[in-house]
Each structure stands twice: as structure tokens, then as C-alpha cells.
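What follows is a set of notes on a single structure, which appears directly below.
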């Protein structure tokens, strides 16, 4: 794999930053409940607060992700990566100091603000850096490895949360977040995007970015670099595959956001799960995710294509939520968690598909738009699932089905699965391209060697 040394530093940076962000997830539900509804197992206010935070952070990310991606195309991934990594330290430091009600609300406000940049920004810039470093034919494997690193960070953070006390969790998270920012600044090198003509799609129209080059984008006025809705719509319509992949990304993110925000509240109300039980569930989940991304994607991706892997992952997500929703005993969620072996194939497959639809100077804005769509799904998700979860977990539910909101999350994955079949049908540009190949009488001239 090209630029392996730099990619190694990128993977370490992503691992550390995700470890710091995810290690607190298992404890935050208990901290939130203790701060707003002490001594209770069910709390509608905690659910609504979580949903509101997710919606506001997602709304900000809708605007900021394309901007960050676009600016990274001009100013470099490393320079922009510094911003979300530093911002992510602040809210963790607050709960590392104290977890009283006042400190929780301070954390809540700052987390809502910084999450607009930090939650999607680090991944967006890492994906752009990866696309700069790896040729198109190897991206499915590289994107799988990056997703595996994220899953590995989730696995290690879950295992750490299982062993640490709540106070220690936030202290460790703050320390690791600081270490991640320092490591990135010291070791990660900025790269020039890979612009090998042999790797570009034969019929891809030349854009203004391709003509002026990535470096020349720095000369453009800052405010003109802010992508307008018209610019984003034009990019999404640049190919049918990109357009359909954007819809699939929306429904996949809609479901993922629902799981992350509300599954633990469902398990807490249904089976009285606490931090250690949550840790066990997520340990199983992230073991499966690490195996699928580190092994299945690099091996199966080049053989059957990322389009097939995408469909498999989305359908596994639907089956996973269906099993959670009808869980009749406390051991059923543990069995359902093993479906994550296939579930986590979806997101990196979408990103790889989109990466192949744009040029080297558009990787940042393309991944930013994709994460902006995901952030928009984060806004919509709590508007749908917060009222459903609060209603069906309360005594005033219209009928006795506590897992109804979880089943609705699964339906979002089912819709994404149906749309993903369309991507498989759309003729894609062959992966093994010939420079002198022709299509409908149009040929691409061979590059001139100087």
C-alpha cells in the first residue's frame, strides 16, 4: 500500500481520537440519568436531552462538514485536522474534573457545540487523507482498514470502560484525546493528492479544480470556498451512482444515529442493563466490526465489489434491529450483537463508492458532503425516534411493544438496502481501466511522458 508510513501515523491518530470519544459512551447514559433523574431507571427527559443534543450537533455539521472538506482540499488535511482534535478535548476535560449536575450541563452545552466539528470532522479529513494516499484500485481495502481501526478503537475503549470506574473513564478519555492531538501534529505529514491520470475515470468531465490544481485553490477568497447549496446539489448530481449512494448514506446514518442514541435506554428500561452489560454488548459488536472491516473488506471487496458488501451490511442492520426489538430475554441482545460482523460493512463501502466518483481535488468536499448528509440524518433521527422511544418505554404506550422504536430503526436500514440494489444495477466504470479504452466512440489519449 502506498505511503504506508504516513498511513500508519494516520491510523494511530484515528485510533486514539476515536478511543477517547467512544470510551465515554458506555458511561454517559448513567451520568445523564444521575444528573437529571437520579435514582430512576426510566427518564423521558434524558432521552429528549440526548435527542436535542444530537439534532443540534447534526444541524451544525450539515453546514460545517462540506466547508471543512472543501477547505482541506486547498489548505491540506493536517491543518484542518488540528481544529476538531483540539475541540474534542474540552468537554471531556469538564467531566474528568467533576460529574455533578452543574458540570454535566456545562459538558452538555460545550459538547453540543464542539460536536458540530469534532464528531464528523476527524473522519471526514481522515478519509480525504486516505484517498490522497491510495490509488483507486486499492481504496476498498484501505477504507476497510480505516474502518477496522475505528472498530478496533471502539473495541479497546469498550474493554477499558468495562474495567474503569466512571471517574477514571473521563480522565483517561481526556488524556488520550490530548495525546492524539499531539501525535498528529508531530508525526503526520501533509500529502499532495494522488493525481495519477491512469487512475481517473475515462469519461469524467474535467472540472475547474482539475484545471487549476489543488494548490491554486488556496488563492480563492475564503468566503468563496464556502460551498453553497447549489454547489452541493451539483456535486450530488454529478453521477447517478453518487446520487443513489447519498440516499443510501442518509438512511444508513438515520439508523446508526438511532442505535447510538436510544438502544441503551431501551435495554436499560427493558432488561435493567447497566454500564457493565452495555460494555459486554458493545464488546461483542466491535469484535464483529473489527473482524469484518479488517478481514472481510480487504479480502472480499476486490472480489465481489463494495456494492455487494454495502447491500449485505444494510440487510444485516435490519435483521439486527428486528431481533433487538422482539428480544424476550436478556440473552437475546448478546446473540443479536454478533450480526455486527456484517452490519459494519455498510459505511466504509458507501465512502469507497463515493470516493471513486470524484477527482483528486474533490475528495475532501465529497466526503464532507457525505458526512453532511449523515449529520442531517442525525438531525432527523431524534425527531423521529425520541418521541417513539419515550412513548413506548412509558406506561402510556398505545400498545405493549417496548421495542417498537428499535424496529423502526431497522426499517431505515431496510429502505437503504432496497436502494443499494439500484447501485449494483447502475453500470459502473470498470475498475481495471485501459488508457486507450473507448466507450461510444470516445477515447482518452495516453499521457505524454516528459
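Every residue gets a Cβ built from N, Cα and C, even glycine.
The domain 'Major facilitator superfamily (MFS) profile' feature in TrEMBL is assigned to 6-434. The transmembrane segment annotation in TrEMBL covers 45-67, 79-97, 103-130, 142-163, 169-188, 244-267, 279-296, 308-328, 334-353, 365-384, 404-423.
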Checklist entry - So what's near the transmembrane segment (334-353) in sequence-distant terms, Cβ-Cβ under 8 Å and 6+ beyond its ends? => result 127, 139-140, 143-144, 146-147, 151, 241, 245, 248-249, 252, 256, 280-282, 284-286, 288-289, 291-293, 296-297, 301, 306-307, 309-310, 312-317, 319-320, 323-324, 327, 367, 370, 416, 423
Checklist outcome for this item: Given 79-97, 169-188, 244-267, 308-328, 404-423, the one sharing the most C-beta pairs under 8 Å with the transmembrane segment (45-67) is 244-267
Item to check | Of 279-296, 308-328, 365-384, whichever stretch has the most CB pairs under 8 A to the transmembrane segment (142-163) | outcome: 279-296
Next on the checklist: Restricting to the domain 'Major facilitator superfamily (MFS) profile' (6-434), what is the model's mean pLDDT?
Outcome noted: 79
